[in-house]
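Copied from TrEMBL, the annotated features are:
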type     : residues : note
TRANSMEM : 42-62    : transmembrane segment
DOMAIN   : 53-295   : domain 'G-protein coupled receptors family 1 profile'
TRANSMEM : 74-97    : transmembrane segment
TRANSMEM : 117-138  : transmembrane segment
TRANSMEM : 159-179  : transmembrane segment
TRANSMEM : 185-212  : transmembrane segment
TRANSMEM : 233-261  : transmembrane segment
TRANSMEM : 273-297  : transmembrane segment
Amino acid sequence: MSALAPLRLLREPSNASEGNHSNATVGAGGGWCQGLDIPNELFLVLGLVSLVENLLVVAAILKNRNLHSPTYYFICCLAVSDMLVSISNLAEMLFMLLLEHGVLVMRPSIVRHMDSVIDTLICSSVFSSLSFLGVIAVDRYITIFYALRYHSIMTLQRAVVTMASVWLASTVSSTVLIAYYRSNTVLLCLIGFFLFMLVLMLVLYIHMFALARHHLHSISSQQKPPTAHRGGSLKGAVTLTILLGVFFICWGPFFFHLILIVTCPTNPFCTCFFSYFNLFLILIICNSVIDPLIYAFRSQELRRTLREVMTCSW
């Protein structure tokens, strides 16, 4: 068992034999197909950094009453999802080290059960992170295009129902993934979910930027200073676009890896790509490290509250 085990279960296709793997690696280009040997300590350090950052974001949102709105509740849930990745990673790393050094002695059946629980927790945070990014995008879209009706559309009750639904769906989906991770049907559903969310966010952001560009063009032609609302809308769109870009860069290679498992499990070049799986896992953890930094530097209110939390000004 190792860090992010449920994702490592998908390191290579089940129908790719060891012989095929070796031959493909040699035939696809030698040295650059050897992959990367990333130490477990790096996973541990990134997990700790992510845990601290996301914990600060959650504490800041809970502390400041001005941040008690559906938008920041969704951001808080995203931070919790990233925090779960870190906690699961750290828990599994500690569990593995205790077993390796003989400090903890357990029956194999209990070890498998513990592994499944941690696997489900990590996969649930993966599904919820992606889902809340989509929810935040929809929330921002409503804020911009239905500003006058926002509070009647996105009520606190609907926000709570949305958050509860995401967590429930994420838990169920992760359980199915862990139980049937070798099934191509399950992998295709996971890939389809990722592509659906990606297309949804792209469409929303493109529409938001089109509106922001139209506003800026109108302001320039009339030679009027920009209003705070329009400036805030543009800033919000830029923030969420950065989040989307970071998510795509950090998660794209992993989902491309899943696509290759389904489409070309024994192809030499696909096998070469599989050998860099550890790098894809590092990028996934980096996503949970980068997200809080974006919140802190893009939101003045959240940045101020984070400063108060870090200086214990409660």
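Yeah, the Cβs are placed from backbone N, Cα and C, and that goes for glycine too.
Nobody curates TrEMBL annotations by hand; they come from automatic prediction.
Note that the structure is predicted; figures quoted are calculated from it, not measured.
Only residues 6 or more beyond the boundaries of the transmembrane segment (42-62), in the same chain, are considered here, and those with a CB under 8 A from a CB of the stretch are 3-4, 68, 72-73, 75-76, 79-80, 82-83, 85-87, 89-90, 93, 281-282, 285-286, 288-289, 291-293, 295-296, 302, 305-306, 308-310. Ranked by the number of CB pairs under 8 Å to the transmembrane segment (273-297), the listed stretches 74-97, 117-138, 159-179, 185-212 are led by 74-97. Over the domain 'G-protein coupled receptors family 1 profile' (53-295) the predicted model carries a mean pLDDT of 81. Remote same-chain partners of the transmembrane segment (159-179), defined as residues 6 or more beyond its termini with a Cβ less than 8 Å from a stretch Cβ, comprise 6, 70, 73-74, 77, 116, 119-128, 131-132, 135, 186, 190, 193. Panel annotation: around the transmembrane segment (117-138), residues 4-7, 9, 71, 74-75, 77-78, 81-82, 84-85, 87-89, 91-92, 95, 162, 166-167, 169-171, 173-175, 177-178, 193-194, 197, 200-201, 204-205, 240, 243-244, 247, 251, 284, 287-288 of the same chain, lying at least six beyond its termini, place a Cβ under 8 Å from a Cβ of the stretch.
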